[in-house]
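Visitor: Below is a structure I'd like to ask you about.
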Amino acid sequence: MSYQVNVPPSAASISSSSSVSDEEDDRLSDWASSLGEARQTKSLFDETVLPTPEAALEHDANIWDFRLNETCQKLGLDMFGRIRLINLIRNAGLTKDQIDALSPTDQLFKDDNLLKPVIHDDPLLQYDPDDSWSDDEDIPQPPQSNAGPSQTQPSSTENSRVAQLEAELEQARKDLASMRTLISKTVGVEDDEEDAQSPAETSKQVEVKGKGKAVERDDDTHYFHSYEENDIHEIMLKDTVRTVSYARFLLSNSQIFKDAIVMDVGCGTGILSMLAAKAGAKHVYAIEASGLAVKARENIRKNGFADVITVIQGKVEDIQLPVKHVDVIVSEWMGYMLLYESMLDSVLVARDRFLAPGGLMAPSQTRLVISAITGERTWKERISFWPSVYGFDLSEMQGPAFEEGLTEVVDKEEVVTTEAVVRDINSHTATIKSLDFHSTFTLRSTSSSEVEIKAFLTHFDTFFSPISGEASHIPLEEDVEILPFGDDEYEKPVKPLDHSDDGVKVSFTTGPRGKYTHWKQVVFLLRKPIVLKSNQQIIGRFFCKKSPTNSRELDVEIHYRVAEGGNGDVGEGAYDVQCYKVK
């Protein structure tokens, strides 16, 4: 954040005369020119750019009948409250009526997320309407008497001016102290004198050299920045399995979305928000923590949905809505191996904060599935490659392939066992704590002959139900529906499916049985391949939790052993164990 503090010049600099050389005058001219550009200010309500903050405020008053200073006074806002209000208007695109509906007790005016400028170096954030002092103002000089300077008595005018300057200096000091406190809170640096923090507070801290305590680890900045680039959104939008499935559910269940208030968590380009609006939503709140919110807002405006969709830039954990509840929460939160990136945590927070009783989550259910594969192609590319590279043995490089979950596309012919669900998540009832888990599994051979298994494989299935709560849950006996999807379906609008009185269910798989998706599958190579006979099975335990060093990553542990065909109970015996990181 950029800010200014007006501090009166020292006594030595207040004189009755001054001189500036030609060279200095040229420099001052250049400075004045650049200052003029820096003061150009965008209107709070349209795309007009005015030469100064004062002109922008006058424009908003004349065109939009909005007077920022009067509103700040009515709400009793201090400097930080004023900054929050400006950023809120720019971020959420509030109308004058929505602003008039705000009250001084709104939690928005305590939200530090709104202290981050929407427009870099926004002159309106630096503009102080109460600052009446300027360098150009003539400063009265005390009268000189024949007795000399030592006999000079200050005039009452000068006394008044000095008092005013002293008051401004004191206020500047207070503002500077407040800003330092804010920066300290935002950056996470604590003074040495602060009380010791609890283990919960220190769990996300890293040590820093030099004076001061630990700085809070930041698992979010890189994650959100990565979604500001076009490439990832192009890949996701061209994933027709993903996007068409969401579109079919939204457009085929108009009885749910007509006149509904909808929240889209992680709106990205705004595609799901616009689909919800097209399905009849009364209003959609599109939440996007990354800088892509600016492009999303423009996409929505260009498609004619600006009156129906409000884009709010910020984390769903921090933002406030102008409504108490929403009827539907839609989000494309799934990552590699379903839980990578931990975005589901934020969706569950949104559910607990904003979803109305009986409200709907879309998707309603997801399943994490494990199977075993021959892994021939992955083994050849990741392991067999290294021992002979241009005549050199580089096998020392094989290690990471056995320590990380590998994102690959696997042919369905490589799968040689049954599948097992290791986590079945209902979006209406799941908790953040439940996303760290362990589960048993049994994989039976589907081959008529002996096979060598070089890897385990995970994928996930996703379900959309028009029913909310526990009643939406699809039993394990009911398989995911695998439909055909064309590669070029993004070139035309998605058509709704045939309507049903009970609503339309939609589901898709990211596994090898279905069409390729951008999520692919995650392969876990085995240091000791398994030889599995046709009458045998693999029994094991699957452990998954957030990484203690980065909450967006996952730590996975697989315990497994071979057993003769039976009921699949995990009994006594020696298990092989292998640990991985999904990152």
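Just so you know, glycine gets a Cβ as well, placed from its N, Cα and C.
Predicted automatically and left uncurated, TrEMBL annotations should be read as such.
The following feature annotations were taken from TrEMBL:
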type	residues	note
REGION	1-30	region 'Disordered'
COMPBIAS	7-20	compositional bias 'Low complexity'
DOMAIN	72-117	domain 'Protein arginine N-methyltransferase 3-like C2H2 zinc finger'
REGION	122-164	region 'Disordered'
COMPBIAS	128-139	compositional bias 'Acidic residues'
COMPBIAS	144-162	compositional bias 'Polar residues'
REGION	187-214	region 'Disordered'
COMPBIAS	204-214	compositional bias 'Basic and acidic residues'
DOMAIN	368-467	domain 'Protein arginine N-methyltransferase'
DOMAIN	505-563	domain 'Protein arginine N-methyltransferase'
Visitor: May I have the DSSP-based helix, strand and coil counts for the residues of the domain 'Protein arginine N-methyltransferase' (368-467)?
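Guide: Computed counts for the domain 'Protein arginine N-methyltransferase' (368-467) are 23 helix, 44 strand, 33 coil.
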Visitor: Need one number: mean pLDDT over the domain 'Protein arginine N-methyltransferase 3-like C2H2 zinc finger' (72-117).
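Guide: 86, rounded to a whole number.
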Visitor: For the domain 'Protein arginine N-methyltransferase' (505-563), jot down how many residues DSSP puts in helix, in strand and in coil.
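Guide: When I sort the residues of the domain 'Protein arginine N-methyltransferase' (505-563) into the three classes, I find 0 helix, 37 strand, 22 coil.
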